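Have a look at this one.
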Amino acid sequence: MIGRLFKFHGGIKPDAHKHESASVAIERAPLPSRLVVPLRQSTRASARCIVEVGQKVLKGQRIGEPEGMLGTAVHAPTSGTVIDFGRYTMAHASGLETRCVVIEPDGEERWVEHAAFDAERAGRDASLAWLRDCGLVGLGGATFPSHVKLGKGSGVDTLILNGAECEPWITCDDRLMRERADGILAGARILFRLIGARELVIGIEDNKPEAIAAMRAAAQRVDDPVRIQPVPSLYPAGGEKQLIRVLTGIEIPYGKLSADYAVQCFNVGTAYAVYRAIAHGEPVLSRIVTLTGNVARPGNWEVLIGTPIDELLPLAQPKADTNRYLMGGPMMGFALPRLDVPIVKGSNCIIASSPTLLPPPPPEQPCIRCGECARACPAELQPFELYWHSRARNFGKAQEYKLFDCIECGCCAYVCPSHIPLVDYFRFAKSEIWARERDNTAADQARERFEFRNYRQEREKEEKAAKLAAKAAETRAKLATDTTAVKAEASTATAEDPKKALIAAALARAQAQKASTEVRNTEDLSAETKADIAEIEARRKALNLTAAPPPALAPKAGDPRPDEAPAVEAEGSPQS
Amino acid sequence: MLTALLVMTGIALVLGAALGYAAIRFKVEGDPLVEKIDAILPQTQCGQCGYPGCKPYAEAIAKGEAEINQCPPGGEEGIRKLADLLGREFKPLSEEHGVEKPKSVAVIDENTCIGCTLCIQACPVDAIVGAAKQMHTVVEPLCTGCELCVAPCPVDCITMEVVADTVQTWKWKYPVVEIREVS
């Protein structure tokens, strides 16, 4: 089956450097001395830790519970003991720390009980939940949760598997397709059914003929009518929007998802992980990582998630003049802040770089507005305009020029004759705009809460006043009917001043209460104590304490307030 | 001559009536300028400007009673935005109203807190939870860092802590040209 191919705008052809690592079969990396498993596998979402320090864990046992819409579970990559739960540097350009579970492997690789999942019988929702609990995320590098991407299960006609792998140096998908084509196809069929697609296309760049042949052979073996489509090698053909454009001719506009255009795209590595999760019940515990660049033994290794990179590097034997390491490709990757950061689900490649292999960019020169960047931009933007506005911190203008359509592929910076690090400017502008949006949302929230607080205080004041008025009226009514409780002098006052009457009534009640107070619990006391009590009572009588109490003590809690003034004061008191 | 006069008077009457109708029909409720100014202000509700909240300060600016450089949390950028909006000259932040500080949140030392509820009443955005004689705590995402709760605390158990960057809030730095020594 050969379909018509389309073209995307721009693109570049950098030196592929694929042969270094593509010729060696995938090897399993040895168990490291410890595994640092971040609960946050990407900036998007984090998981909640469900193990304790000192606890024994089995291979595949869940250690992080998914949290939020975009959360996925995290699992112990091997059996061992949890020795720490703390903050460790994350594999991220910021070099910031994130919460990690540190596991000391026991070397036994004992699996937790796991079994195949019957996706057909369980239904769609259960299958998606299963994938989430298996920690399934896009393994192409973006680590977007697959269960979210599988979405509604209708309205998608074409499922695309992305095997383009357009970035130079990286060969992990290439090797995976050559060696595990059957698994990829099986995973693709599972995704195909889950998404309710009608057509399955696998796009592979034509510089990987072995991978194309292996996939075709696998498709023939199971007689699968899949379209395995070689696409021209042109960076960034592996970008989701670019690959969809090349294979289907559909251009996805800003703010829309590919699913809105009946297309969905998954990486081949993700498809393989889906196959392992459904057919074997195995969560994502490892991934294929390319170790290449300035090394003596480049190749691909199957690495457990959480393996510290400094324990991995000796496998590839970096050369002496290596000065820094990149995670991801040379176009979109970032320099590792430290070497003890762990491999995460999105780490597809580690490149050892030396000043001769990937020389530092020459100094930035002024933009000459040649327009080369605009010709190279696969998103059909005008990077030079974006550059002006980002540089001048004119973020509104940058957004008008569709800054957020930029996929940060680095084509513009690659072709720039003035060596301007354009993508750095765009990343700076994007993160500034996001920060501003966060600030604005926080300000709106604060405004709302402030206004509500003011409204609430007003309302409480009114409610309190109304309550007091009602209570006063009630007491007054009671006084009018119940004249016996009021002394003669008070009743005369009632006519002229109801407040005085209230005070008098309260005083009378307090007196009555005091007079009725008796010493209780005296039955079992010794004769001596009884004598003491009698003596005290006599003294009290002599001092006339049982009679009129001091007026300040008269109104007790629960009594009607004699005046409204203290009530207003009470507004400010803590209990009000 | 008379025709011309009549025509002109007629036009004047028609246009006058139309304008009069439009003035009533499209009357703007409230001052839209206040809303615009309020949108620029950071909504910390800290009162450092001398007004009880951001909205009153916005109203004062709109009336011309207050300067645009009285808001320390808004900082220089806020003043620039206000200057742009109002067509006024940019002024550096007025020192008597405070200095620009990094974004921070209040943190209650829960061992020292005596549960007096004074900070709860001081908080302009209801970001502190607690009850009388119970431990209080600050709901961090809601705290605007206004510092209004610090002064009322009788046991000085509230401190302002600068918000640290997380992976989600971290920002790419402005690309700087590396300056290298020339041999």
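Positions of Cβ are set from backbone N, Cα and C atoms, glycine also.
Note that the structure is predicted; figures quoted are calculated from it, not measured.
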Of A:297-331, A:507-541, A:542-576, which range does TrEMBL call region 'Disordered'?
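The range carrying the region 'Disordered' annotation in TrEMBL is A:542-576.
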Same [4Fe-4S] cluster 1 site as A:Cys367, A:Cys370, A:Cys373 according to TrEMBL: which of A:Cys406, A:Cys409, A:Cys416?
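So, going by the record in TrEMBL, that would be A:Cys416.
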Measure from the CA atom of A:Cys377 ([4Fe-4S] cluster 2 binding site) to the CA atom of A:Cys416 ([4Fe-4S] cluster 1 binding site) and give the result in Å, rounded to a whole number.
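Here the two Cα atoms are 11 Å apart.
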For the C-alpha pair, I'd like the distance in angstrom between A:Cys412 ([4Fe-4S] cluster 2 binding site) and A:Cys373 ([4Fe-4S] cluster 1 binding site), rounded off.
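Spelling it out, the Cα of A:Cys412 ([4Fe-4S] cluster 2 binding site) and the Cα of A:Cys373 ([4Fe-4S] cluster 1 binding site) are 4 Å apart.
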Where does A:Cys373 ([4Fe-4S] cluster 1 binding site) sit in the DSSP three-state scheme?
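Assignment for A:Cys373 ([4Fe-4S] cluster 1 binding site) reads helix.
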Using a 10 angstroms cut-off on Cβ to Cβ distances, just flag whichever of A:Cys367, A:Cys370, A:Cys377, A:Cys406 is the loneliest among these binding-site residues.
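Comparing Cβ neighbours within 10 Å for the binding-site residues A:Cys367, A:Cys370, A:Cys377, A:Cys406, A:Cys370 has the fewest.
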Using the Cβ centroid of A:Cys377, A:Cys406, A:Cys409, A:Cys412 as the reference point for the [4Fe-4S] cluster 2 site, which residues of the same chain not in that list have Cβ within 8 Å?
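Sorted by sequence, the hits are A:Gly10, A:Cys373, A:Ala376, A:Pro378, A:Ala379, A:Leu381, A:Pro383, A:Ile407, A:Glu408, A:Gly410, A:Cys411, A:Leu422, A:Val423, A:Phe426.
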Relative to the Cα of A:Cys409 ([4Fe-4S] cluster 2 binding site), which of the binding-site residues A:Cys367, A:Cys370, A:Cys373 has the closest Cα?
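For A:Cys409 ([4Fe-4S] cluster 2 binding site), the closest Cα among A:Cys367, A:Cys370, A:Cys373 is found at A:Cys373.
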Whose Cβ lies within 8 Å of the mean position of the Cβ atoms of A:Cys367, A:Cys370, A:Cys373, A:Cys416, the [4Fe-4S] cluster 1 site, other than those residues?
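Once A:Cys367, A:Cys370, A:Cys373, A:Cys416 are set aside, the remaining close residues are A:Ile368, A:Arg369, A:Gly371, A:Glu372, A:Pro383, A:Phe384, A:Tyr387, A:Cys412, A:Val415, A:Pro417, A:Ser418, A:Ile420, A:Leu422.
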Taking the Cα atoms as reference points, how far is A:Cys406 ([4Fe-4S] cluster 2 binding site) from A:Cys370 ([4Fe-4S] cluster 1 binding site) in Å?
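Between the Cα atoms of A:Cys406 ([4Fe-4S] cluster 2 binding site) and A:Cys370 ([4Fe-4S] cluster 1 binding site), the distance comes to 19 Å.
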By a 10 A CB contact count over all chains shown, which of the binding-site residues listed here is most packed: A:Cys373, A:Cys409, A:Cys412, A:Cys416?
A:Cys412
